[in-house]
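Chemist: In case it helps, Swiss-Prot gives these features for our protein:
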| type | residues | note |
| --- | --- | --- |
| DOMAIN | 179-277 | domain 'HTH araC/xylS-type' |
| DNA_BIND | 196-217 | DNA-binding region |
| DNA_BIND | 244-267 | DNA-binding region |
| SITE | GLU246 | site 'Interaction with sigma-70' |
Amino acid sequence: MANQLILLKKDFFTDEQQAVTVADRYPQDVFAEHTHEFCELVMVWRGNGLHVLNDRPYRITRGDLFYIRAEDKHSYTSVNDLVLQNIIYCPERLKLNVNWQAMIPGFQGAQWHPHWRLGSMGMNQARQVINQLEHESNGRDPLANEMAELLFGQLVMTLKRHRYATDDLPATSRETLLDKLITALANSLECPFALDAFCQQEQCSERVLRQQFRAQTGMTINQYLRQVRICHAQYLLQHSPLMISEISMQCGFEDSNYFSVVFTRETGMTPSQWRHLSNQSD
């Protein structure tokens, strides 16, 4: 694309030997669609926003993890106190003898699955390593780049150990109620979600859980679920031949008219308009 914004290495790395650095987004503002001369890992710490990656929308919040390749195009919109960190790296500059392809989805042709989640335990461990990595990447001593790369290796191994598919928190997990709730919501795209039943199963207070969720994500539980469903609907409208009424059902709306009302309110256009516009841009 002729007018595509490209983020350049020279604007983020101190020299041509530096392989890894950290870019803080405290908070992440609206950011136009762009690609990069480098790759990045994106860790979301709190708040929420709309992350559009290669034309697929994701409603992101605390614990979301993305593996972004240089050629991927993405943007951030509808942000609300969104706090994240970008760990950016140049694959060709990495010197450490590590099987990076096994650790990083999409690394130099490896199988790519961009979106994962981290629970509280994984987030805490990753944050500690990222803090050290940020310190070293800003260092000026002769071993700073080597130390930063060692820490990057530790980070990608930590992420591989703790990451899980967005709708598949391991049954043996010791993660928090909030992590379990977000996974349960991801499993409720097509069917109603009963918070009271979830709280009864987990033996927790519904009121306290609602407060915790809003404090960490900046949204109510219902708002989050609705927006996740709308993101899924946007994807299906663009990439599937399903009728709008069928997409409505697959996104948890039994009434297609109500689905159209909610979709229009959230996106500013009807499902038909969205599909038409998306097909034109393909």
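We count from 1, first residue shown onward.
Including glycine, each Cβ sits where the backbone N, Cα and C put it.
Remember, it's a predicted structure, so these values are computed and weren't measured experimentally.
A description of the local structural setting of each listed feature is requested, covering burial, neighbours and distances.
Modeler: Confidence over the DNA-binding region (196-217), given as mean pLDDT on the 0 to 100 scale, stands at 94.
Long-range contacts of the DNA-binding region (244-267) within the same chain, counting only residues at least 6 positions beyond its ends with a Cβ under 8 Å from a Cβ of the stretch, are 188-192, 225-227, 229-230, 232-234, 236-237, 274-275.
Taking Cβ-Cβ distances under 8 Å and a sequence gap of 6 or more within the same chain, GLU246 (site 'Interaction with sigma-70') has no neighbours at all.
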Chemist: For GLU246 (site 'Interaction with sigma-70'), what is the secondary structure by DSSP, using just helix, strand and coil?
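Modeler: Reduced to three states, the DSSP call for GLU246 (site 'Interaction with sigma-70') is helix.
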